[in-house]
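Below you'll find the structure, written out as structure tokens, and then a few comments.
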Amino acid sequence: MTTKYIFVTGGVVSSLGKGIAAGSLAAILEARGLDVTILKLDPYINVDPGTMSPIQHGEVFVTDDGAETDLDLGHYERYIRTRMTARNNFTTGRVYSEVMAKERRGDYLGATIQVIPHITNEIQERIVAGGKGHDIAIVELGGTVGDIESQPFLEAIRQLGLKVGRDSVIYMHLTLLPYLKTAGEVKTKPTQHSVKELRSLGIQPDILVCRSEVNIPINERVKIALFCNVTEKSVILLRDVDSIYKIPALLKAQGLDEICVKRFGLDCPEADLSEWAQVVSEEANTSNEVIIGMVGKYTELPDAYKSVNEALKHGGLKNAASVKIKYIDSQDVEVRGVSILEGVDAILVPGGFGERGIEGKILAAQYARVNKIPYLGICLGMQVAIIEFARNVAGLKNAHSTEFEANCDQPVVGLITEWLDKTGEVEQRTENSDLGGTMRVGAQLCHLKKGSKVFDMYGTKEIFERHRHRYEVNNNLLPILEKAGLVVTGLSEDKKLVEIIEIPNHPWFVASQFHPEFTSTPRDGHPLFKGFIKSAIDHQQGRFE
């Protein structure tokens, strides 16, 4: 079957939840037996989000094939079974880089390079490549209609609609209906103007998804349909809800999926959303609440740890527990001491880069180890646990990472200079390599040690997990750490790199070099997060000795 396209644009304001809407629609269509993928087009000039500040952009989501992508791809993978790849996310910077590289090679035969047709053609080619092999490709365009940066993308999707035919394309526009409490009514004018702007660019939306705090009266729906040139049934209300996992059922109840399949002429069964009903039921029926202390560097923006936040919630769902995350700035631990960690049921130190707040993270790992509090370290969270153990248990008082102290005389963590990539080829890096695109990144094989906590949690001896790091445990000093009691329970494919460590004389102290949060989903959870939340419940209820 020829791929069908659903283009999702946004208007009025940013951060309306286009990614959630796209993911929810994809979940319904997948539940109807269709093969669905989702693309995210980002109008910013950066080649990818890999070197962008998490405070500005949120987390960098890593795919199996090692792409550093927008956090919306995390939403997509949590909603559908399709795994995202490098083809599912590209930016203006990536498009221009490729066009300029083609120009330098002479691919354009001396033509004058212009936004139309060269940039718009490149965008279309990437959209088609990303959707190839799937029944439906939902394409989310970042930003807001009217932004200068978005114009080449809007022109590209307009042209693509003409090329593939109107029966193979749907334009879905997400807008805001502000509710004025003083007047007691929703205002439709911003939506009308947003659609007017979109139509001025040659795109007539087929579906309007309207965000609102309240229900939309029928007369307002009629008005929106009339002034925006869509049918009344194509005006979909996306009301604020207390759980994003209720949205698939909310959209299905309004017939959004039926509009799409009829437009595309597809014959497919009704959607079975029983798995999502189960997720919503698990959220509503919890018997415990645990507090997880997340000690990090970017705590002022929770989206910097979006996948970790969601994975913790998923772990809670599978343990009938609601999870409350207490964000703790690691610098505050340095200034105020570990007393601010009191009262938490478990401690998590997530990934990060840079020296700021590093000693606070080390103190958090020490506090968890000494006080027998469940600890999960991720990436840098494993490295600080190694440093803390080396200093305070193994007797390496000057232990540190060369990331933070280049001339450290006891470097228990150092730069990886050589490793096997996802294809089995050897990759090499030096201290002089660029920051962008030079990490050990993507899914890697890990061997688990039988009898370990992680082996029991995963239930298998080999796993694949996603990485994003430059530094690793120094194997030259590893024997000293192991003699002091540290246990390596996970090794890389060639068994040269430490992937997981545990402290055996502790109720639950586990740290991984990889990022387990990237593969956690609300329907399945993740072994490490399920185990971590269970340990938090056990600690809270005094089940640990």
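Each residue, glycine too, has its Cβ placed from N, Cα and C.
The candidate list LYS40, LYS132, LYS163, LYS223 contains one residue that Swiss-Prot assigns to the CTP site with SER14, ASP147, ILE148, GLU149, LYS187, THR188, LYS189, PRO190, THR191, GLN192, namely LYS223.
Binding site for L-glutamine per Swiss-Prot: GLY352, LEU380, GLY381, MET382, GLN383, GLU403, plus ARG470 from the candidate set ARG239, ARG263, ARG466, ARG470. ASP72 is the residue from ASP65, ASP70, ASP72, ASP303 that Swiss-Prot records in the ATP site together with SER15, LEU16, GLY17, LYS18, GLY19, ILE20, ARG239, ASP240, VAL241. The candidate set comprises the binding-site residues SER14, THR188, THR191, GLN383. Of these, GLN383 has the most other Cβ atoms within 10 Å.
GLU140 (Mg(2+) binding site) carries a strand DSSP state (E or B).
Confidence annotation: the region 'Amidoligase domain' (1-266) carries a mean pLDDT of 94 in the model.
The sparsest Cβ neighbourhood within 10 Å, among the listed recorded positions (LYS187, LYS189, HIS515), is found at LYS189. Comparing Cα positions, GLU403 (L-glutamine binding site) lies closest to GLU517 out of the recorded positions ASP72, LYS187, THR191, GLU517.
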